[in-house]
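Q: According to Swiss-Prot, the record shows the following:
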- I79, E80, S81, H216, E217: substrate binding site (BINDING)
- S81, K82, R245, G246: NADPH binding site (BINDING)
- C177: active site, thioimide intermediate (ACT_SITE)
- D184: active site, proton donor (ACT_SITE)
Amino acid sequence: MSVEQSLLGKETQYPTSYQPDVLFPIARAQSREKYAHIEGITQGKDWWHVFEISWLNAHGIPQVAIGRITLPASSPNLIESKSLKLYFNSLNFTQFDSTQSFIETVEKDLSAAAGAKVELTLFQVDDLEISKPQGICIDDLMPERLEQHPDATLLKLDESDEEIEVELYSHLLRSNCPVTGQPDWGTVFIRFKGKKPCYRSILAYIISYRQHNGFHEQCVEQIFADIWQNLQPEKLMVYATYTRRGGLDINPCRVSDLTWMPKPIRLARQ
């Protein structure tokens, strides 16, 4: 299905009965065509936090939780966010015999939409803790050049020719939803092993996304691919934690080496 057929940016009625068919898959293949040869572009996970989960227990009493969805980057489809919100709304008045029954139903429906096994972990509403970023924040550096759209030529190696392993992060990631034009804000983590990159050039590159139209997952994959091709690290991880919209936040992560998969976190802006 094409994104133009989705419910993004359109007035919709919120379902009050279970409707798994509202889920809208979007194929990953088209946006990945020019990165198909990049090692790691399909390695990783998309973590979603769902803050508006509710269903009825066997006695008809409302239950609430925070959910973490884990969707493999190797899945043929991602799931459009508004359709996911509507799907969870459709469960608000549906009775389940147990919490496990609720989890199994959601996992079955999301796996069918994604075309791969999707996992749901539930947290009590007070239990999903806020983490602090680890690594070197590059936001106070001064880039040599600024662009308003992604420009891989901004990426440079440091003049020292030093071999390093480092984790950098920036809170300055901004891009736009390709359908509604609404801004998406995020923190991006970059773990890098290889010849030392110029940190100012990486910041300039991140800033260049400010007027770019792309889904969260696509932006992370483009960042990963551009760094991989232009800075040629031995190992690379790119992980973005986007702020919440409509009760959901999306956190894509791509890695060249599966041993570099981080644990999912939740930051203060989420």
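Cβ from N, Cα, C; glycine included.
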Q: Whole-number answer please: how many Å between the C-alpha atoms of R245 (NADPH binding site) and E80 (substrate binding site)?
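A: Answer for this pair: 13 Å between alpha carbons.
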Q: Tally every other Cβ atom lying within 10 Å of the Cβ atom of C177 (active site, thioimide intermediate).
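A: Cβ-Cβ neighbours of C177 (active site, thioimide intermediate) within 10 Å number 18.
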Q: Show me the subset of S81, K82, E217 whose Cα is within 10 Å of the residue listed as 'active site, thioimide intermediate'; these are the binding-site residues I mean.
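A: The binding-site residues passing the 10 Å Cα test: none.
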Q: Largest pairwise Cα distance, Å, within the listed substrate binders I79, E80, S81, H216, E217?
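A: In whole numbers, the farthest two Cα atoms are 12 Å apart.
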Q: Looking at the recorded positions I79, D184, E217, which ones sit with their CA no more than 10 Å from the CA of G246 (NADPH binding site)?
A: none
Q: Test of understanding: give the count of other CB atoms lying within 10 angstroms of the CB of R245 (NADPH binding site).
A: 17
